[in-house]
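Here is what Swiss-Prot records for this protein:
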type: BINDING; residues: 407-414, 453-457, 507-510; note: GTP binding site
type: COMPBIAS; residues: 114-171; note: compositional bias 'Basic and acidic residues'
type: COMPBIAS; residues: 184-258; note: compositional bias 'Basic and acidic residues'
type: DOMAIN; residues: 398-567; note: domain 'tr-type G'
type: REGION; residues: 51-70; note: region 'Disordered'
type: REGION; residues: 114-303; note: region 'Disordered'
type: REGION; residues: 407-414; note: region 'G1'
type: REGION; residues: 432-436; note: region 'G2'
type: REGION; residues: 453-456; note: region 'G3'
type: REGION; residues: 507-510; note: region 'G4'
Amino acid sequence: MAETTVKKLADIVGTPVEKLLTQMKDAGLPHGDASEVVSDEQKQQLLAHLRKSHGAEDEGSGKKITLKRKSTSTIKTTGAAGKSKTVNVEVRKKRTYMKRDVVEAEEREEAERLAAEEAARIAEEEKRAAQEAAKRAADDEAARLKEDEARAKAEQERKAAGEKAAEEKSKRVSVPKVSATKKPAKEETPEEKAKREEAERKQREADEAKRKQEAEARKKAEEEAARRTAEEAARIAAELEQRGEQEEKKPAVEDDKGSSIVNAAQEASYQREERQSRRRRRKPKVAGVVHGKMKSSMNKQHGFKTPTEKKIYEVEVPETITVGDLAQRMNIKAKSLIKSLMKMGEMATVNQPIDQETAFLLVEEMGHKPVASKGQEELLEDHLAADLVTRDSVDSEHRAPVVTIMGHVDHGKTSLLDYIRKAKVASGEAGGITQHIGAYHVEHEKGMITFLDTPGHAAFTAMRARGAKATDIVVIVVAADDGVMPQTEEAINHAKASGAPIIIAVNKIDKEQADPDRVRNELATKDVIPEEWGGEYQFINVSAHSGEGVDDLLDAILLQSELLELQAQASGSATGVVIESRIEKGRGTVASILVQGGELQIGDMLLAGAHFGRVRAMVDENGKAIKKAGPSIPVEVLGLNGAPEAGEQIQVVTDERKAREVAEFRQERDRELKLKRQQASKLENLFENMGSAETKTVNIVLKTDVRGSLEALTSALNDLGTDEVKVNLVSSGVGAINESDVNLAMTSEGVLLGFNVRADSKAKRVCEQEGIDLRYYSVIYELIDDVKQAMSGLLAPEKREEILGVAQVRDVFRSSKFGAVAGCMVVEGTLYRNRPIRVLRDDVVVFEGELESLRRFKDDVPEVRNGMECGIAVKSYNDVKEGDKIEVFEVKEVARFL
């Protein structure tokens, strides 16, 4: 046999020589050159190493080998143009070899296992059959003994009754002569009675011994059958093992033989059991005769007894439940439950949800016991709370204070924050006003401070309330030249409601009109007393323009935070609050989050209200990417599946499935609440509009840049509605205006409004084609004013009466053509012919109509001025008297405005 070198082995295997040498070196072989010889043992060692490195087991080496062969040849073919070309042909072959003893051993082991299982099953079947037969025999014996005892007792009672009857008869017949000839009845002597009882006892003992012998014989037969079955199974297994070494072609023959033996034994056992049960089968025995009718000894075990008492259930009632589910829990039909609801004055369908209180009343009405239970959402919320408890076990550390800047619009909140941050932010806000919460953290020489800048406009009340809720310290900015304004009072109320400490920053003290004492006096009337006056509020004079007093303000903030002793967990699952959220093209949902505890990292599963998602990226307020954020750090998070509401609590959960379930339940809950509100408003509107004219509506499709602005605009627009004109928000959302928004506006005949967003190319094209009114806004004042103007256009005009002139009747003439004609003097204004008139008598209106004729002398004139005489004929009125006044007026329609 030719020797195999490393190079030849590489050609056979199809591997480069360098790679094969590396693998041989890893396997511990001494080969370093391609010309060295490789033995069979070394090949096996290399193969075992490769199998082990690729995940195969060591014990499998040597049992199975796969060989590949590749040969390359060339053939010449003629193409379509008659030219010949050479084609390379590559033939690949693959064969797998296994040792025969491995296959035989596996087949032998499988056959032995099957035979043992079959034998065990047969033994179990025979044992169970023997036990059942013994049980049936014992039952038959007990029934027989009971029957014998009953028969003997009945016989004794019959004899006793006969003896008693004979004795009474003998007493009644008392003839002395005849009694000498009569033979007395033969009575059983005590000796005979004792002999009879002894014979019966011996018979019972013999029967008992016989029954015990039969039971022992059955037990021995059962053990013998099990032993024979085990011996047969062992014999079959040994025979299979002996034949497995010789037989190679059909290993299944032993299996067939073994299974046939087992099947035959099993069939014989079944036939024997069937014969025994057939012999023991008896007809129902007669227990006695009652009034000439036979009474069966069989018990009526399957007799149905009608329930006489009503079953009372304990019905678990969650917070909301549908009528159908409640009926199913009480085991009644839904129709009866709907009838009970109608009696209570509430109309409902089978699938309509009802609240827990109504369900309690219904359950008590139906006679059952209601029990309050937690819904699935509450259970999930409890699991999340348990996760928070485990996180709270981490030691707390000192954290930076969260400071909210609040105050009236244009009082310099953002400018003050700009000076602290040394950046210009207010210039980027439209109209120079802040329209959503900005979050920033500032590194001061004495510590870090996180600032929240809230809008000062009245429409952002809810946003300011959220800012006060998430804060530790509130800084209220008041302009020294403007004093306390409405939003200043509102900010003070929000801060007091949240319980956060308040610091008053009196801004713009560098102006000539500045009067800090006036601010102190005005705030003192609002129960905000300065410290220097004996109160508890710090007043700091600052100037956002020159920077005067800014350091004092920061020192006051840090001093107040030290008094509060703010603590938070620096590690563990993060919790916080959503400051703002928006949808950006190319980035998706972007949520501004203030971390309040724990550590938020990239890759965490975040649950925010009814939305969830994995954190894909985080950036700080400067746009710089970060990987983690600790307590009191504001960040922007990417990865949520939707834009959450501002103010929603966020929490990091470990399980994505749990986060999805909680988010879906919260969405379903919000949808049900929304439907309930809509249904209630529809019913209210139905009764309000009954008998009145139809209310006009302004349909609006609104898109904004962030959630906070959307909420503020929605609240402001809903407040604009009146009894005559209402605002109907057909759709509202966050993000750019797309084609579906345009189609919605076109269908509802509404106006499309964009606040700090723009429409894409498709939406613009559809707007131009269909003539949809599309408007862009960057300041909230302008949007609200335009909507007011549109609503004013739908208002019915106001009708106003204007008196044009008054004439006094001096005399009354009769005319064949007009009847009574009043000769009048114009005492006020001008009289016009084609105008409505009123006839006043003693300054009381007695007639209202129109002029039929207006003449001066004998000429018809269109008008008569003040101080002139004229003749007036009133149409359809002839009761004009001297001294009356004729008033000419005009009705004008005046446009109304909200």
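Including glycine, each Cβ sits where the backbone N, Cα and C put it.
Long-range Cβ contacts of the region 'G4' (507-510) within its own chain (Cβ-Cβ under 8 Å, at least 6 residues beyond either end) map to 411-412, 416, 477-482, 516, 541-546, 548-549. Broken down with DSSP, the region 'G1' (407-414) shows 2 helix, 1 strand, 5 coil. The Cβ neighbour count for GLY407 (GTP binding site), using a 10 Å radius and every protein chain shown, is 28. A sphere of 10 angstroms centred on the C-beta of ILE509 (GTP binding site) encloses 20 other C-beta atoms.
Between the candidate binding-site residues, ASP410, LYS413, the densest Cβ environment within 10 Å is the one around LYS413.
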